[in-house]
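A.B. asks: Quick one: structure below, then a few questions.
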Amino acid sequence: MSESRKLYYTTSHGCPVMDPLASQRIGKHGPLLLQDSAMIDLLAHFDRERIPERVVHANGAGAFGEFELTNPIPDLTDAHFLTQKPGYKVKTLLRFSTVGGERGTSDCARDPRGFALRFYTEEGNCDWVMNNTPVFFIRDPSKFPVFIHTQKRNPQTNLKDATMFWDYLSSNQECINQVMILFSDRGTPDGFRKMDGWSGHTYKFTKRDGSWIYVQWVFKSRQGNHNMTNDQAAVCDPDYATADLFNAIERKDYPQWDAYVQTMTQEQADQFEHSVFDLTKFWPEDRYPPRKIGVLTLNKNPTNYFAEIEQAAFSPSHLVPGIEPSADPVLQSRLFSYPDTHRYRLGANYHQIPVNCPMNGYSPFHRDGAMRVDGNLGSQPNYPSTLFDIKYKTEGSASDPSQEEWSGKATLYQWGSELTDLDYVQANELWNEFGKTPKMQENFVYNVAVHLCNAERSVQEKTFGMFDKVNKLLGSKIRYETTRRGNKNSL
Ligand code: HEM
């Protein structure tokens, strides 16, 4: 559209509107006319402005930037953007979020933070859809919807509900590592810039020769890790993190993260005391040292929030040759869930929305559908025509899974629900780790107690038992601090 076209108001079909505030009515005080299609056009579009918000991670903010490859890793993967010369840059988009709150709820809530990163690579979009913690609450994907229900609003009161929150967690104690992190002050980060991002899941790096290695990635903030206390977060401006990110980029104080990968061979994975497919466990850095690959910089705010951030559609299934999902069941389920929700939230042609459109285009076999706005790839054949020169990439990088533990087996197995003493070991290490930072253990106990005191007594008892298993002293401190506050039984 030319600049001169933008200078006057029109209807949505381009007809100039002389006075956008006037409406056609019968006389000075009479009813409106149905023929006033300019006003109807305006109202009808307004009536449809809202689209479904994300079912989780609805509240967030984002920005564009670039990833600079500083240390290529051709020994690990064939991924084009990770194997170029040092200094190679890829455009990126990063969206931060909270998880449980609706759009417009507080940026400062005690909640994990989403860290969804897109690389616009020459081989298509590569999305690393991460959180700010190395672990997650579940290792069994069928628990995700019910787990999320308990962290959202009570179906009757429409209020957040401490009883159902702790009832779920104390009944599914594989969540304990994530609970330890969430109720430390790391659960209330000071904005989006001062926290790290972790893949959490194990993925695979692959090469053309069929070789592969397990990998996790982590982005460490150059702004440091800074958190709020529970009481600071409780009174924080709800838009604090959104404003902090936007304003930093506006004043050219560009936030940066150093990117690393941790790897494990199958032999190392066999010796690891946890399954590499268990998302509730982390890979200790002293045993699996992070290897630096690059630097991420955010340097451009969106020019339109709705177009570029609300409509962004990240998915862990958006990978490029050289990077594959592992057999982690939660990751496997996410490969389905994200594109599925995008088709619902944004429509079948969501990949055409400019922020989602891969820079190398997409297949002419994806045709038609509601709201096709890109010319539908014109006269290109919609089948593999012998008359038209569409090339297939014949050589690719795919892993040889024959050495993997799961290879060849198909069984119905409920691994996620079995708990052993091993499930509490890393949580105990975290508790001891907290002891090295002044007030961190004390704050942890306080943060749990002020929340748990709102739950019903029987659920409190179950939760005390969970913390007892982590550490007896921790369990008794939480019992004492929670009980001392009395049972408030609502939030
Ligand atoms: C069974 C497990 C999970 C399921 C089914 C699931 C599903 C979803 C869905 C449906 C969305 C909304 C996406 C959209 O509307 O665009 C979402 C958002 C998100 N999820 Fe998950 N999720 C799971 C676990 C995880 C885990 C383990 C992580 C991190 C390691 C994660 C990180 C995120 C992030 C960062 C977003 C926001 C993406 C954005 O900014 O647009 N999720 N998830």
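The backbone N, Cα and C atoms fix where each Cβ goes, glycine too.
According to TrEMBL:
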type: ACT_SITE; residues: His57; note: active site
type: ACT_SITE; residues: Asn131; note: active site
type: BINDING; residues: Tyr338; note: heme binding site
type: DOMAIN; residues: 10-391; note: domain 'Catalase core'
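Can you walk me through where each of these features ends up in the structure?
C.D. replies: Taking Cβ-Cβ distances under 8 Å and a sequence separation of 6 or more, the neighbours of His57 (active site) in its chain are Ser97, Thr98, Val99, Gly114, Ala116. In the three-state DSSP assignment, the secondary structure recorded for His57 (active site) is coil.
Sequence-distant neighbours of Asn131 (active site) (same chain, six or more apart, CB under 8 Å from its CB) are Pro112, Arg113, Gly114, Phe115, Gly197, Trp198, Gly200, listed in sequence order.
In sequence order, Val129, Ala313, Phe314, Ser315, Pro316, Ser317 make up the list of same-chain residues 6 or more apart from Tyr338 (heme binding site) whose Cβ falls under 8 Å from its Cβ.
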A.B. asks: For Tyr338 (heme binding site), which of the three DSSP-derived states applies: helix, strand, or coil?
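C.D. replies: Reduced to three states, the DSSP call for Tyr338 (heme binding site) is helix.
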